[in-house]
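A.B. asks: This is the structure I want to talk about, given as structure tokens.
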Amino acid sequence: MSDLPGIVITGASGRMGQMLIRTVTESDKARLVGAVERAGHDWIGQDLGTAMGGAPSGVIVTDDPLEAFSGAQAVIDFTAPAATREFAKLAAQARLTHVIGTTGMDEDDIAALKPCARHAVIVRAGNMSLGVNLLTQLTKKVAQALDADWDIEVIEAHHNKKVDAPSGTALMLGEAAAEGRGIALSENRESGRDGITGARKRGAIGFSAIRGGDIVGEHDVLFAGLGERIILRHVATDRAIFARGALKAALWGQDKAPGEYDMMDVLGL
Ligand SMILES: NC(=O)C1=CN([C@@H]2O[C@H](COP(=O)(O)OP(=O)(O)OC[C@H]3O[C@@H](n4cnc5c(N)ncnc54)[C@H](OP(=O)(O)O)[C@@H]3O)[C@@H](O)[C@H]2O)C=CC1
Ligand SMILES: O=C(O)C1=N[C@H](C(=O)O)C[C@H](O)C1
């Protein structure tokens, strides 16, 4: 039996689930040992490779996460907030590295991870790509250099199946801008403008979301001053960038102490 870290993918049939399965399967640094889907899903009990329209893989899709986690070293989870909360408890029980890409988690969801991080290495980020994590650092630096005469707006675009807004990435970028400016995002966030909104509040950090077609993910951080604008932009054209980052995080977590980490820790940024 190989001693490469064994990885389980949750939400196996999803857009990211399938991309993660391909990424882990093609990697020579890890092996795919489990695939989890929701009870009642068509894929349950089927060979994963066959379900994905390819050759048999030897991994049977299960709706029993605890069973899948028991033979693994890491779980990569891009699903939904309620599912991620449940997976976090089970990953802690099995002492796994839990890589969380799920977005749209509220304060309660995030607080629920804390006790799990006493037993599991949790790496969570709204975006696992190298490019966006670099952009986050750049955003913080630019915001540090500019005062509130420069209005900050985060504009994001995603495919028409996305269920949460602003995107996890937009919130990461907004947090970085707020940190650079030395303010709390929660007290300065402005989103969903419609109707007679009144003039823009000085110092606000604005968010706008576009949804359409098959857009993978695009993010602009706009710094609008008097007579000039700076735009920092990231364009994702392939979901493989998120999957590669997530696999890197799962491997990185193997020799770390339990706790909560993000992609900045993984990438050393
Ligand atoms: N951090 C990052 O870098 C990135 C994060 N994301 C985030 O990842 C998440 C998933 O995105 P995407 O793949 O596009 O979405 P999809 O809807 O395509 O996939 C989500 C998958 O999770 C499954 N799922 C939901 N609830 C459960 C459950 N209780 N048990 C088992 N499986 C469950 C869904 O099953 P079912 O269809 O039956 O509901 C589905 O297969 C989103 O939050 C998205 O924002 C996406 C890309 C990058
Ligand atoms: O749902 C998506 O697709 C994506 N979600 C993440 C987010 O909310 O920022 C990352 C990426 O932009 C794709």
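Cβ atoms here come from the backbone N, Cα and C positions, even for glycine.
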A.B. asks: Return the residue out of E37, E86, E153 that TrEMBL annotates for the same NAD(+) site as G11, A12, S13, G14, R15, M16, G101, T102, T103, A125, G126, N127, M128.
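C.D. replies: Of the residues offered, the record points to E37.
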A.B. asks: Using the recorded (S)-2,3,4,5-tetrahydrodipicolinate site (H159, G168, T169) as reference, state which further residues of the same chain have their Cβ within 8 Å of the centre of those residues' Cβ atoms, listed in sequence order.
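C.D. replies: In sequence order, the nearby non-listed residues are T103, G126, N127, E156, H158, K162, D164, S167, A170, G217, H219.
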A.B. asks: Return the member of G11, R15, K162 nearest to R38 (NADP(+) binding site) in space, with distance defined Cα to Cα and candidates limited to these recorded positions.
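C.D. replies: Minimum Cα distance from R38 (NADP(+) binding site) across G11, R15, K162 lands on G11.
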A.B. asks: Please list, for the domain 'Dihydrodipicolinate reductase N-terminal' (7-128), how many residues fall into helix, strand and coil according to DSSP.
C.D. replies: 44 helix, 26 strand, 52 coil
A.B. asks: Have a look at the recorded positions H159, K162, G168, T169 and say which one has the shortest Cα distance to T102 (NAD(+) binding site).
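C.D. replies: Result for T102 (NAD(+) binding site): the nearest of the recorded positions is G168.
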